[in-house]
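Novice: Once you've had a glance at the structure underneath, I'll fire off some questions.
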C-alpha cells in the first residue's frame with residue numbers, strides 16, 4: 001500500500017469516526033441560536049424583548065442614517081447596515097444584550113478609504129448619472145462599493161482570526177487601553193461632525209495630525225459658519241441631552257422612555273419642509289431615500305488591495321469595542337461569552353452584509369445601554385427591531401428627505417456621550433495604578449494624533465513593554481514556584497473554628513498577563529472544595545499555594561471537614577504581591593464578589609504593618625476600597641495571617 005493511499009484511508013477512518021453527537025455539539029457551539037431559541041421563555045421574555053426591540057429600532061434608524069453620512073456614503077446604506085448585521089449576529093453571537101449594527105468608529109475608519117479612493121472631485125463620472133441599482137448616482141454607488149469592500153475584507157480578517165483561535169489573545173487588550181482608544185476615536189468622530197454642526201463646506205482632512213488640521217481650517221474660515229445651521233445644531237444637542245438625562249433619571253418610574261431621537265427627526269423634518277429651509281436658508285438635507293432592499297452584489301474585489309489598512313482597523317477596533325461590551329453585559333447578567341466565537345459572529349456580520357451594500361458594523365455602547373434600561377432579555381429584541389427597520393426601509397424612508405444634516409450630526413455627537421464620559425475613568429486609574437493612568441493618557445494622545453487602530457497598537461505594545469520592565473523587580477519570577485505559607489497556631493482550644501479556613505499565597509504580580517488565569521484557577525478550587533470532602537490541593541498554575549489553617553504546622557492536602565457547619569473563609573496572603581495593575585485589582589474585586597455570592601468571607605493578609613510591602617499594600621487597599629464593592633461588616637485587610645485567623649476566631 002502506497003503512502004498516499006494509507007493517508008487517504010486514515011482520513012476516511014477519521015470521517016467515519018465522526019458521530020452525529022459530535023456534529024450536534026459543534027453546531028451548538030458555532031450556532032448559539034440553536035441553544036437559546038428552543039428554550040426561549042415566550043411568556044416572560046417576549047413583552048420586554050418587544051418593547052426593547054421597538055426602542056432599539058428607533059435608535060438604529062437614527063444612528064444608521066447618521067453613521068452612513070459619517071462613512072461618506074448615502075444615508076440609505078446606514079439603514080441596510082442596521083438590518084442585515086443584526087440578523088447575522090443573532091444567529092452566531094453569544095451576547096444577549098449586544099446591539100450590533102452601524103458603529104461610529106468603524107464608519108470613521110471606512111470613510112478614510114472612501115474619501116481617498118472616491119473623492120468628491122472625480123472626473124470619471126458625474127453625480128447626475130443614475131445607476132440601475134436603487135436609482136442612485138454612479139458616484140454614490142462607487143462610494144458604497146469601497147465601504148462594502150472594507151466591510152468584506154475586515155470581516156474576512158475577523159473570520160481568519162477565529163480560525164487561528166486568536167480570541168485567546170484578547171487578554172492583551174487591557175481595559176485602560178480599550179477605554180483610551182475608544183475615547184480618542186470618539187473625539188475624532190465629534191471632530192468630523194463639526195463641519196455639519198457649523199454648516200461649513202470644507203474638504204475631507206485625514207492622516208497624521210489631521211485632528212489639528214481640521215480645527216486649524218475651521219478657525220481660518222470661521223466667517224463661513226452658517227448661523228441657521230449652528231442654531232439648529234445647538235437646539236438639537238440641548239434637547240437631546242436634556243431629554244436623555246431625564247429618561248435616565250426617571251427610568252425606574254416609567255416603563256417606556258421617550259424616543260427623543262425619533263421625535264427630533266420628525267419635528268425637524270417637518271419644520272424644514274414647511275419653512276423650505278433647504279432653499280431659503282441653504283441648510284443641507286439628507287435628500288432622496290430609495291425604497292426597498294437591494295439585490296445582492298459582490299463587493300468590488302479590485303479595490304481590496306487598496307483598503308487593507310482600513311480593513312485591519314475595522315477588524316481590530318470593531319472587535320475590541322464589541323468584545324468589551326459583550327463581556328460587560330455577560331458579567332452584568334451572569335452568562336458566558338466565548339471570545340473566539342465573537343470573532344466569527346462579527347466577522348460574518350461584516351462579510352455577508354457587504355453583499356447588500358452595508359458599511360462596516362460593530363456593537364455600540366449606547367444601543368446596548370438602551371437594551372439594559374428597557375429590560376431586554378435575549379437577542380429576540382434585535383430581531384424584532386429588524387422587522388420595524390424593514391417597515392422604515394419600505395414605507396417611511398422616502399419621508400426623511402427633508403431631515404437636516406446638522407440634526408444627524410447632533411445625534412452622532414450626543415450618541416457618543418458614553419464614550420466621551422470615559423474621561424472620568426482617569427480618577428479610577430490614578431487611584432488604582434498610576435502606570436495604567438499614564439498608559440491611558442499616552443494611548444489617548446497617540447489615537448488623537450494618528451488613528452484608532454494605531455492608538456490600539458501603541459497601547460498594547462506599551463502595556464507589554466512596561467510589564468516586561470516591571471517583572472524583573474519582582475521577588476518571585478517563576479510562576480510555577482510554590483511558596484508555602486507557614487503559620488503555627490500555639491493554642492489548640494479553638495482549632496475547630498479553623499476547619500473551614502483556607503489560605504492562598506499570591507506569589508506573583510497580578511497583571512493582565514496572569515490575573516484572569518489566577519481568577520479562574522482559584523474559582524475552580526473553591527468549586528471543587530464545595531463539592532468534595534477532599535482537602536485543598538496545591539496550585540502551581542499561576543503561582544499560588546493553598547494551605548489549611550490547623551493545629552500545628554501548616555499542612556497541605558489535609559481534609560477540612562468540620563463537625564459543625566461554619567461559613568468558609570478564604571485568606572489571601574499578599575506578601576508576595578510585588579505589584580499590580582488595574583486588571584489585577586479588578587480581578588481581586590471579582591474574587592471578593594464571587595466569594596461573597598458563595599457565602600465565603602475573604603480576608604487579605606500582609607496588607608498592613610509589613611515594611612517590605614508597605615507601599616504596595618497601601619496602594620492595594622486604596623485601589624480596592626475605591627472600587628466601592630467592599631461591603632462587609634468585618635475588616636477585610638490585616639497585617640498578617642495570624643491577625644486574620646484571630647479575627648476569624650473572634651467572629652465565631
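Glycine residues also receive a Cβ, built from the backbone N, Cα and C atoms like all the rest.
Curation plays no part in TrEMBL annotations; they are all automatic predictions.
Annotations per TrEMBL:
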type	residues	note
TRANSMEM	86-109	transmembrane segment
TRANSMEM	144-164	transmembrane segment
TRANSMEM	202-219	transmembrane segment
TRANSMEM	225-243	transmembrane segment
TRANSMEM	307-328	transmembrane segment
TRANSMEM	348-366	transmembrane segment
TRANSMEM	378-396	transmembrane segment
TRANSMEM	402-420	transmembrane segment
TRANSMEM	441-469	transmembrane segment
DOMAIN	501-648	domain 'STAS'
Novice: Taking pairs 6 or more apart in sequence, does the count of Cβ pairs under 8 Å between the transmembrane segment (202-219) and the transmembrane segment (86-109) hit 3 or more?
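Specialist: Contact between the transmembrane segment (202-219) and the transmembrane segment (86-109): absent.
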Novice: State, in range form, which of 86-109, 348-366, 402-420, 441-469 has the highest count of Cβ pairs under 8 Å to the transmembrane segment (225-243).
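Specialist: Result: 402-420.
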Novice: I need to check the long-range neighbours of the transmembrane segment (402-420): which residues 6 or more away from its ends have a CB within less than 8 Å of a CB in the stretch?
Specialist: 62-63, 65-67, 69-70, 75, 104, 182-183, 185-187, 189-190, 193, 196-197, 199, 229-230, 232-233, 236-237, 240-241, 244, 261, 264-265, 268-270, 272-273, 277-278, 283-286, 364-366, 369
Novice: Checking distant contacts: for the transmembrane segment (144-164), what same-chain residues at least six beyond its ends satisfy Cβ-Cβ under 8 A?
Specialist: 71-74, 77, 106, 109-110, 113-114, 117-118, 299-301, 303-304, 307-308, 310-315, 318-319, 340-341, 343-344, 346-355, 357-361
Novice: Given a Cβ distance threshold of under 8 angstroms, which distant residues of the chain, six or more beyond its ends, lie next to the transmembrane segment (307-328)?
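Specialist: Answer is 93-95, 98, 100, 103, 105-106, 109-110, 112-113, 117, 146, 149-151, 153-158, 161, 170, 173, 175, 178, 181-182, 185, 337, 339, 342-343, 346-347, 350, 360-365, 368, 451-453, 456.
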Novice: Return the average pLDDT for the domain 'STAS' (501-648) as a whole number.
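Specialist: A mean pLDDT of 64 is what the model gives the domain 'STAS' (501-648).
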